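Asker: One structure follows; several queries about it will come next.
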Amino acid sequence: MTDRSSLTLVLAAGEGTRMRSSRPKVLHEVAGRSLLANVLLAAPAGKQDRLAVVVGPDHQAVADEARKLRPEAQMFVQSERKGTAHAVLAAREAIAGGADDLLVVFGDTPLVTAETFARLQAALTGDVAIVVLGFRAKDPAGYGRLLVQGNELIAIREQADASEAERKVDLCNAGMMAFAGKSALTILERIGNANSKGEYYLTDAIGIAREMGLRAAVIETDEDEVRGINTKAQLAEAETVMQARLRRQAMEAGVTLVAPETVFLSADTTFGRDVVIEPFVVIGPGVSIDDGAVIHSFSHVTQSSIGKKVSIGPYARIRPGTSLGEGVRIGNFVETKAAVLESGVKVNHLSYVGDAHVGTNANIGAGTIMCNYDGFDKHRTEVGAGAFVGSNSSLVAPVKIGAGSYIGSGSVITREVPEDALVVERNEQVTRPGWAKRYRERKAEMKKPKT
């Protein structure tokens, strides 16, 4: 933590053409969150911290995503793409507004952590005007090299301009930078475009700061944290890294992952104590899982609240709007959606529970379907506490099943069932003794060869 004020500037104006997608690059997702969201939620968010996002002229969706997550964020448009420094100066108004520290980060680096933002700020001490985030690359080819003398960064050399000796340097530029607020705008406004592309490069700030008698420094982080996303392949690589991070955090918090590499979590998944997740489970966004819950193999859960000691699966699908109370049992091939199941409810086999409220200790038999859609609108089903719904029943919504009532197997329920009543809605069984034997004999006679 620091008592200095900050302005975090997120550069999110890139086209992302190599993604081969109509969606803006920073809105692609890692662990159930957009690339941009992962960056914004890692950025400083204290009372003294401000946030600005630079977007492209046709990227209203990017601005909307940023405001959804950080409503206080200022938006700036980079009308022409003329380099990284040009993008930063698109937010000149925000920079001029003043802050002790200016933090610049790309919106396509979803693995960056809050700790790294804090370390960048902490390194802005004394006459250090710029701090650059670096990493040791396994293969530095293509990266800008950070050239250091002692504790001072003297230059960022791009691959094409590097000497043979400089190309052997494995300390590379991650793209994330911090500026001392008092000198930031002066340095940025001195960056020119005298290069082959006619663009304004943020990396030129190092030389300008040194010409002003100021120092630049480097802090290092792991290569995985600063992965930039430009292709779908890189998106998949970032997902792999993020999932490994989330699994490790979950296990360190006491969650049992039987086969961690087969479980997929979301960045916002929350766990209680003694949760067990079996192999091949997918947890989508917006899920909380309380103490002692067990999610069995091949289950999918998203935007739902899972209560204490709940058992789910195997092969269950828990869809958005589901709330499962303590001790609820959801068995194999059960699907729930927009449903509240109070404590002790059992839905053990082959059922659909949608747009419903199921009271405490009710039992929903195998093959029960809540028929919630009439082709135009969704309707709700209410099942009272302690009700027993027999196997292969259809509850045609809107309908209310009274507390303590019994529904006979195979029934189609279209009207309200009173409390403690028995309802059986099916044709009376007809038994014809000897019919099957006579039928087989007749069929066998018909199949005999004709002479």
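Keep in mind that glycine also has a Cβ here, set from the backbone N, Cα and C atoms.
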Asker: Please identify which of Ser405, Ser409 is recorded by Swiss-Prot as part of the acetyl-CoA site containing Ala366, Asn372, Tyr373, Ser391, Arg426.
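Answerer: Same acetyl-CoA site in Swiss-Prot: Ser409.
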Asker: Looking only at C-alpha atoms, tell me how far Asn372 (acetyl-CoA binding site) is from Asn173 (UDP-N-acetyl-alpha-D-glucosamine binding site), rounded to the nearest Å.
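Answerer: That separation, Cα to Cα, works out to 56 Å.
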Asker: Quickly jot the same-chain residues contacting the region 'Linker' (233-253) by Cβ under 8 Å, restricted to those at least six beyond its ends, or write none.
Answerer: 19, 28, 30-31, 110-111, 224, 227, 260-261, 263-267, 269, 271
Asker: Given the binding-site residues Arg319, Arg426, which one is most crowded in terms of C-beta atoms within 10 angstroms?
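Answerer: Max Cβ neighbours within 10 Å, all protein chains included: Arg319.
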Asker: If you measure every Cα to Cα pair among Ala366, Asn372, Tyr373, Ser391, Ser409, Arg426, the residues listed for acetyl-CoA, what is the largest value in Å?
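Answerer: Across Ala366, Asn372, Tyr373, Ser391, Ser409, Arg426, the widest Cα separation comes out at 22 Å.
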Asker: What three-state class does DSSP give Lys25 (UDP-N-acetyl-alpha-D-glucosamine binding site)?
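Answerer: The residue in question, Lys25 (UDP-N-acetyl-alpha-D-glucosamine binding site), is helix (DSSP, three-state).
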Asker: Let's check the environment of Lys25 (UDP-N-acetyl-alpha-D-glucosamine binding site): how many other CB atoms sit within 10 Å of its CB?
Answerer: 25
Asker: Please spell out the DSSP helix, strand and coil residue counts for the region 'Linker' (233-253).
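Answerer: The breakdown for the region 'Linker' (233-253) reads 20 helix, 0 strand, 1 coil.
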